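Student: Mind looking over this structure? Questions follow.
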Amino acid sequence: MCGIVGYIGHREAYPIVIKGLKRLEYRGYDSAGLVLYDGADLKLSKTKGKVSDLEAKATKEISLNGTIGIGHTRWATHGVPNDVNSHPHVSNSGNLVIVHNGIIENYEPLKKELIKRGYTFKSDTDTEVLVNLIEDVQKKDNLKLGKAVQLALNQVVGAYAICVFDKQKPDEIVVARLGSPLAIGIGENEYFIASDASPFIEYTSNAIYLEDEEMAIVRLHKSLKIRKIKDDSLVDPYIQELQMNLEQIEKGGYDHFMLKEIYEQPSVIKDTYRGRLHANEGMIKMAGVEDNIEKFTNAHRILIIACGTSWHAGLVAEYIFEEFARIPVEVEYASEFRYRNPIITDKDVVIAISQSGETADTLAAIKLAKEKGAFVFGVCNVVGSSISRESHAGAYTHAGPEIGVASTKAFTTQITVLTMIALRLAKIKGTLSKTEYHTYLSELEMMPEKVQEALLTNEVTKEIASVYKNASNCLYLGRGYNFPVALEGALKLKEISYIHAEGYPAAEMKHGPIALIDEQMPVVVIAPKQGHYDKVVSNIQEIKSRSGKIIAVVTKGDEQVRALADHVIEIPESSDPLSPLLTTIPLQLLSYHIAVMRGCNVDQPRNLAKSVTVE
Ligand code: HGA
């Protein structure tokens, strides 16, 4: 959440900063701002609203030249989204300027102390406190900016990725991180700073990802020095070659990133299993699993920790692990897990799932699990992310950048990774018959083709969307492997169309939600032929008896449900455990079309942001 960007070098900074902010807008979009420096003045422009609003305002308000610039796209934590609370924030002297992603938890006592010392504040943010704290520390002993930032950060409790600039020292930007990501792109006598590498991929493929508690002084004509914030020790910079390309972060002819990402699923599922799944040889090879195979096979329990859509993927995995590998599984919300006193032992394997690999609660939960001796395996999409580094081992989903805030391809690729792990363990433990094992391997290999076919439901989901676009509520029902898909379908609808939706295990309907059903209520029922088909058909009858509107996701050729439902969406046949990879596709499309028809901002739904780096 919150995107920060910075540039120092020989080019004009403005186009780099503004384009960078657009690419980081998935991280927050309630306000935006930037500052440029041209050797004489700080030129600041900030506004409530989107980066496009900032662009319009900055063009009118300031001259856009300067070879140093920093910018911010905000997801407010402290202070409402308005012009004043937008970043950058400037210190009282007018010399220091900062952009910040994170939360300064002890900002209140710090602010009180600074007020006593004569400082005044314009905004309600924690960030403005930090920039004045840095100034105060700097002034006291006439320190260089880097030292002042370091000492100030040592007084701070919370999380941050910051870029700080001092107009009295215009050849450097000071950056630091704790808990929020920060990448430094290294060019020829120029540096790029950003929350992820997307703002600078066309300029350089060399980047350093700062680790927690590290800071760097990014200085022109000087090599980069990275230090530990706590003890000032020097750290050897590790320069990575970036794998991202420009095409991956553009819309490629689609109206929205979400739609592009829905349509990418056949190819990214293939990317996820490429080199790992060898159906012909009956093998699954995943380095992170193989290197730690005994941890998995000796596990007394697997604990899956995640948030949001990743938590739903974890629920699907619970069913798959227990069925395939006969290992008990518990699925936990990271935010709950970390704040109770969970029982964890060194016999537990913790699987942490996060698209961004930066989810603050999941990160904190795995730190806790590690302290208690568990083996932690990360399933992330973003290479080099905090969770991937904090885990003992892991597997990337290789889904490519996911920019739409509503997660789609991350979900199906997470399920793909987790299914492969379960199959690998089943092979070793002998918990599936040979025939079952080989059949699942071949079926998983065929999934990209089947997902492609499931995408043909686009037209029918669009028609259904036009019927229900004005609904106020919607119920999603599924059983077994498709109960988590019902939860995910409801989440997708809620987050992008703002229609209230609930997912339930179909049989639970009778314990409450059935009271909601009337002729106005659309009920999406996931009813593929495999699994608990007959039971789901009975649930459909119960809805029909109460005049609910039935939208059923069925296996191609199903006549029984067609006779009962108001609408059917046909998907290809599959086994029960692998069906979530298919049943979820029309639900993604349904919520997408409803949101578009309601005029909602599909890629940037209100109040949300991707990569939840705050607790
Ligand atoms: N606390 C700062 C930054 C918010 C943030 O990083 N959100 O993810 C603010 O509220 O402006």
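Cβ atoms here come from the backbone N, Cα and C positions, even for glycine.
According to TrEMBL, the protein carries these features:
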- CYS2: active site, nucleophile (ACT_SITE)
- LYS610: active site, for Fru-6P isomerization activity (ACT_SITE)
- 2-221: domain 'Glutamine amidotransferase type-2' (DOMAIN)
- 292-431: domain 'SIS' (DOMAIN)
- 464-605: domain 'SIS' (DOMAIN)
Student: Which is it, of CYS2, LYS610: the one of these active-site residues whose Cβ has the most other Cβ atoms within 10 Å?
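Tutor: Counting Cβ neighbours within 10 Å, the top one is CYS2.
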Student: Which state, by DSSP, holds LYS610 (active site, for Fru-6P isomerization activity): helix, strand or coil?
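Tutor: Reduced to three states, the DSSP call for LYS610 (active site, for Fru-6P isomerization activity) is coil.
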Student: How big is the gap, in Å, between the Cα of the residue listed as 'active site, nucleophile' and that of the residue listed as 'active site, for Fru-6P isomerization activity', rounded to a whole number?
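Tutor: Per the Cα atoms, the residue listed as 'active site, nucleophile' and the residue listed as 'active site, for Fru-6P isomerization activity' stand 9 Å apart.
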Student: Where does the residue listed as 'active site, nucleophile' sit in the DSSP three-state scheme?
Tutor: coil
Student: DSSP helix, strand and coil counts for the domain 'SIS' (464-605)?
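Tutor: In the domain 'SIS' (464-605), the DSSP-based counts are 69 helix, 30 strand, 43 coil.
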Student: What does DSSP give as the helix, strand and coil breakdown of the domain 'SIS' (292-431)?
Tutor: 65 helix, 28 strand, 47 coil
